[in-house]
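A short write-up of the structure that comes next.
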Ligand SMILES: NC(=O)c1ccc[n+]([C@@H]2O[C@H](COP(=O)([O-])OP(=O)(O)OC[C@H]3O[C@@H](n4cnc5c(N)ncnc54)[C@H](OP(=O)(O)O)[C@@H]3O)[C@@H](O)[C@H]2O)c1
């Protein structure tokens, strides 16, 4: 795929907390948006916003500049978005697109609060700050979806969702997934300890193995990757068979993702 063009602004980032800062750093690192095209709204000083300001971004300018904004990226807590957006709406032009990265706030809920502007929802991971995140994109509007993709595809593996309802499942897999792998790594280390390793050595081995597995994964099919390590009758194959006995690995992950989907729905209700 050809390298996507930088996104022309102004691009307005509303909220520069954990995710907002990660997005900002990713945009600048991957040159998705020129700093001079960025407008950042933040109630308190943030290192990422100050770094962007030093490169030419505008931080908390008079709200009249929002009239030209191409996209407003809403990165505040779900409980706050109405209070945050209401004072901005009178300044927005017809061309603006609203991009929400908020978990659980649906497009109909957003539309009811903000009116007729096209909406795109994106669920990114904070790995975007290093240009290596994951992002799920959904919009009912083609222009808004294309803009959502363009803003994230240089810094994330970006997938289009066919239905907004899938956002909860995508969040349960990608948004939460790193924590599942960390929990698995912790359990692997403790299992190594149970097998006789000291705790520190088991931690080093489990963490280094996760890193090394991630680095060598590439785009090869997962069963081919497993086959390269687990020869028939070997010790890895014995371990894999124990892990999958009676379908317990599949059942455990089905329960894990279902619980996260359920909680995402509860929080969005
Ligand atoms: N963190 C993640 O990994 C992640 C992943 C996917 C989605 N999300 C979504 O991203 C959103 C933000 O999450 P977060 O973890 O980044 O939360 P956070 O660290 O609390 O950031 C929220 C930011 O919103 C700012 N804010 C509050 N009022 C504002 C206003 N009137 N104008 C502009 N900014 C305002 C806060 O500023 P102050 O610090 O000055 O109070 C704060 O920095 C949430 O809706 C969450 O669902 C987060």
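Just so you know, glycine gets a Cβ as well, placed from its N, Cα and C.
Note: TrEMBL annotation is automatic and uncurated.
Here TrEMBL flags 42, 75, 76, 77, 78 as NADP(+) binding site. For 11-104, the entry in TrEMBL reads domain 'Pyrroline-5-carboxylate reductase catalytic N-terminal'. The domain 'Pyrroline-5-carboxylate reductase dimerisation' feature in TrEMBL is assigned to 164-267.
Sequence features, as recorded in TrEMBL, placed on the structure.
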| residue | record | Cβ contacts under 8 Å, 6 or more apart |
| --- | --- | --- |
| 42 | NADP(+) binding site | 15, 16, 20, 49, 59, 60 |
| 75 | NADP(+) binding site | 13, 14, 15, 16, 17, 19, 20, 23, 101, 102 |
| 76 | NADP(+) binding site | 14, 15, 17, 20, 84, 102 |
| 77 | NADP(+) binding site | 17, 102 |
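Under DSSP, residue 78 (NADP(+) binding site) is assigned to a helix (H, G or I) in the three-state scheme.
Counting every protein chain shown, the number of other Cβ atoms lying within 10 Å of the Cβ of residue 78 (NADP(+) binding site) is 15. Here the domain 'Pyrroline-5-carboxylate reductase catalytic N-terminal' (11-104) has, by DSSP, the following mix of helix, strand and coil residues: 40 helix, 18 strand, 36 coil. Per DSSP, the secondary structure of the domain 'Pyrroline-5-carboxylate reductase dimerisation' (164-267) breaks down as 91 helix, 0 strand, 13 coil. Here the binding residues for NADP(+) are 42, 75, 76, 77, 78. Their largest Cα to Cα distance works out to 16 Å.
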